[in-house]
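Worksheet for the structure shown next.
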Amino acid sequence: MALSGNCRFWIITGVLFFTLFSISQQACKFPDWYHGEFYSQEKGQGKKTFIQEDLWGNFRCRELIIMNETVNKLTGAKNAIISVTHESCHKCIYVLYRTENVLQYKSGDCFTSSVSLGEPGKCRIYRPASDQLMTLYRLKIRTVSCKTTFEGMYHFTYEINEGGGGICNSKDSIIRACQEPGSPYVDNQLFLMTYGKCRGVTNSKFQQFRFQCMGSWYGDDGFMYAGIANTVANEDRARFKCLLTKKDQNPTDNKFLWVRSQYSECSLLSGIYEGYERLVVQPVPPVTSYVQPSCNLPTNLTGTWYHVGEYDSDVVINDTHIYFKTKFDEFSYEEQYFSCQQTLGTRYLMTKITVGKCEMDFVCFDILPRHHSIVRFRIGKPNRLTQDEEQDKDYLLKKFRQSCTWQAFVLNRDDYDWKYDYLIFNPPTPIPCPIGGRYRFIQFGHDNERYKTRIRGVTDKPRVQVDCRHIESEAKSCTKDMTKMEIDAEYCETVDYRGRPIGEYDESDHVLKCVGYWMEDLRSYLITYDDEDAVSNFRCWVYERITWTEVILSRGVRGKCKRSQTAHSSEASDGVSLKLEMHESERLYDDCPQRFDPGYDPYKKPMTIYVLNSSFKNTAFSLLVLIMAFAALLNLNL
Ligand SMILES: *[C@@H]1O[C@H](CO)[C@@H](O)[C@H](O)[C@H]1NC(C)=O
Ligand SMILES: *[C@@H]1O[C@H](CO)[C@@H](O)[C@H](O)[C@H]1NC(C)=O
Ligand SMILES: *[C@@H]1O[C@H](CO)[C@@H](O)[C@H](O)[C@H]1NC(C)=O
């Protein structure tokens, strides 16, 4: 069937039109991630820009290059450079996608003839500097989490660059970025910023703002920026603000500097000291009524302790509170307060608050009685108080049952292989070492980790003058001071004609003080302290006597022994940096009898009857034993 001429004409026109149309469409169509209505403040004027398919405000898109690098992995958003035209103005614009709600751009000059991308003198393709960028804020804000801007509780001081005055440091100035229970907002997309008033600072006043987060981004200048919107501002100019900070400020006391713009321009912020308003922000503990203690901790826990976890913590305990300060690196740390609420036997229900966090948790501590300079404990799973539970007047009892059941201490039901965690009194009180005697030893471990000879102080040892024929590695803990373990990597064993060591003036290279020991799961653990140890003052050892004269020990990397560490371990995978095999080798005049305590009962009083005197020992040893036995009998009879 032949088509009528009229019909053919329309088909051809239609195809032609469609082809032309789709070419122009494909050639220049803004990607979706730019679409929307935006506000910006430019040269002191507020401005709205509506970005659609191929329109940037009044300007129509002509050409577009999309950069390769993806800025937002979720939406696939990228930066772009575009050339646009409106009436007789042709220009190119560099657009940076920052967050779902914020774009930044730099617009080139207007030319009367068309501008093509990359054209010299008209449209250079280069990334503009931060202070040249205009910031566009989305008017219909898409919800984003405040997590990257503020999360938690902070105190701040502020100083406004206008109207005179100085720094206002009021205890009422608080940023509260918390997830509100029962609030219509799913996540924390808002934060509350309360400005306190300071007497003597004329431009300070009491004010409260609820800001919605618009996301944050890193500029090419290394600063972190964040867009925020005042939720109740009645004009757009006062609605949008830009914040700037720097992540690696190496803060003291976790204080971070921020600056805030007066209106929306980010380009007016040029560093953490330059901006309309300067803020010093520091995390604070959340305000709750549960820091009030209602029970007491064992009195002999009071003091300063050291805890080895993933990071080292200093722990301060008083009658009612446990305070943890965990150092992440040289500058940043976290603080936690636990307050005693309920107790039964060895279990203590405590509230836990973390400085800078919003939440309060209940956790249960199972604390064993202290022995030596050690207190062993376990922590149960944390538990929140729901609003319903709060109504109940017996909620503490219920929480105790929930948090302090024995199952609560097993974080993972299948992982019943737990062991106690421990605190070490710091500085520790040395106790008699569980291993005594004089030993030769062999070391296994990386060369850096082995004990080596050190020349202490400035006194040169007269070793050169001594004809030392026999050098051994020596470890000893003798009657003179049983709380020390002295280690000499190269000890001169040679004795003179009287049987006395000729290396008598040798000073030990390393002196370890014994801090505490115990047995758990049939393994004996020992904690030592050496203030000259560059890696860690405290070290955890696992030790075992394998024959009457041989003891083996493995030394943990730090003050904590890994679960898999045994006395036989020498591998880094078991957390071990060194292994010692020690063979008893007491000599005639050493006055260093062997002792060994596997730590079955760390609570028992240390044995101190080793009063053997070297001049006495060999001739009168049996006599001494008799006298001691007799004395013991007398004691019994009394
Ligand atoms: C994007 O990558 C392609 C190939 O890797 C390269 O040819 C092109 O120049 C890049 N475009 C931009 C804008 O960097
Ligand atoms: C115990 O420590 C807490 C927190 O460090 C403190 O608030 C409290 O006043 C202290 N209690 C006593 C009796 O010192
Ligand atoms: C600490 O006190 C507990 C009881 O409160 C007791 O069992 C333990 O032996 C004490 N430890 C030390 C080292 O005083």
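Positions of Cβ are set from backbone N, Cα and C atoms, glycine also.
On a predicted model such as this, the values are computed, not experimentally measured, just so you know.
The feature domain 'DUF7044' is assigned by TrEMBL to 26-114. Positions annotated as domain 'DUF7042' by TrEMBL: 145-280, 430-570. Annotated domain 'DUF7043' per TrEMBL: 292-389, in sequence order. The feature transmembrane segment is assigned by TrEMBL to 619-636.
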PLDDT averaged over the residues of the domain 'DUF7043' (292-389): 91
DSSP helix/strand/coil residue counts for the domain 'DUF7042' (145-280): 4 helix, 54 strand, 78 coil
The domain 'DUF7044' (26-114) - residue tally per DSSP class, helix then strand then coil: 5 helix, 56 strand, 28 coil
Structural state census, the domain 'DUF7042' (430-570) (DSSP three-state): 7 helix, 62 strand, 72 coil
